[in-house]
Amino acid sequence: MFILLLPFLLLLSPPQPASSFTVTTTSAGHAIPFPPFEHLNVKDSIAAATHLRPPASAATTQHIDDNEVTKKPITNNSTVKLHLLHRDRLGFSWHNDHGRRFEARMKRDARRVAGLIRRLSGGGAASYEVADFGAEVVSGMDQGSGEYFVRIGVGSPARSQYMVIDSGSDIVWVQCQPCSQCYHQSDPVFDPAHSASFSGVSCSSSVCERVENSGCHAGRCKYEVSYGDGSYTKGTLAMETLTIGHTVVQNVAIGCGHMNRGMFIGAAGLLGLGGGSMSLVGQLGGQAGEAFSYCLVSRGTGSFGSLEFGRSVLPVGAAWVPLLRNPRAPSFYYIGLSGLGVGGTRVPISEDTFRLTEYGEGGVVMDTGTAVTRLPTTAYVAFRNTFMAETANLPRAPAVSIFDTCYDLNGFVTVRVPTVSFFLSGGPILTLPARNFLIPVDERGTFCFAFAPSPSGLSIIGNIQQEGIQISFDGSSGYVGFGPNVC
């Protein structure tokens, strides 16, 4: 059994004497020491969150030059790597004011979570009926969607496009000409008429049968997908060539969206990385060994994250835990969680709180599209109360948005706060640095505990808590790895 002590926490924290470590014993009997407290730099955290960096240039975002592409397929022994960028790095933020960006992000997040809960509680994959597509959808020009982007090539010759990544979606799609309803994107809308490799999919194709909510018109397969935040895409299904890094992948089933609306501003479409057969991961299949890895770059940094495919990218030294599958929701990646810790002490919460039942209820989902981690209310209250008790010396601030535990850190340079931990099934403990759970919500120094209660038994580990940690998925062996690398 692997034991996890993430090195990034130790590297970012002041050196701790051996006597300052607390020994915590997991349910599996493993004793793992980790630092119970960390010093959070208040000013640096505010600066990183509130100051937008200049947009990345095409040279730094992997512009696809068809003459430089390696004409070979992905194999189990190859590595395909993409830069993974936060949207602020690309200049896709439409509010200069951090408070407004934060508010918009939380509204999107609430819609996303509500949609996931409806979907996972038997509401079906489509959260909105086709007739209601235009109702109460927040304009992408106002809010935007997608936190993390990659740049890939679509078609032959390859046309560079920014794509939102989503670990909870099973389809790859781009906006297409002719576009009867499209939102604004940073690159020209893809025109299939200019691609030599574009081929429509017939209604009788087995590919068409694998798409949820597919239909038929004039002999061509039609698709439509709606998302938890109210966004949607509708169009035709096609086989196309994608250029990922410097590797060409032929015959990928993609959605060619002619009617698209919602919160995808800036991006040309969405790169589904879910566990279903129609996601990019599912379509690559044996070519990538059913393996991929990502590292979400921390907010406000000038660095890049990464998205890699192939078995050779699976890291040595990671802490591996079983990947759980929910037949009711094959798109989502579930992990086992046995408990939570604050300041070196395990919070008294029953393991059953996080269990995925045989009926597909509850469980813990890893989701790149959700920002803030959600926990069942009973677990959240116990977790929050323990954190509040350990931070009783810090001045409190009123609740903000979905956060009910906030602090007024105006005037502080650094503050000492307890670390928080996820006790993963089997023994490993994932300990987060303070920046992954105590975040600035305005420019005045208001920080909030970045967790929220879930209105159901479902737990979701969001991208704020995943930032800076390499996370790897080995679908063929059925494991998820955490660490050891950071970004």
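For all residues, glycine too, the Cβ spot is worked out from N, Cα and C.
The signal peptide annotation in TrEMBL covers 1-20.
Residues or ranges marked as domain 'Peptidase A1' in TrEMBL: 148-483.
Under the heading active site, TrEMBL lists D166 (among others). In the structure as shown, the Cβ atom of D166 (active site) sits within 10 Å of 24 other Cβ atoms.
What TrEMBL lists as active site is D367 (among others). The Cβ neighbour count for D367 (active site), using a 10 Å radius over every protein chain in view, is 23.
Counting only the Cα atoms, the space from D367 (active site) to D166 (active site) is about 8 angstrom.
Summed and averaged per residue, pLDDT over the domain 'Peptidase A1' (148-483) gives 92.
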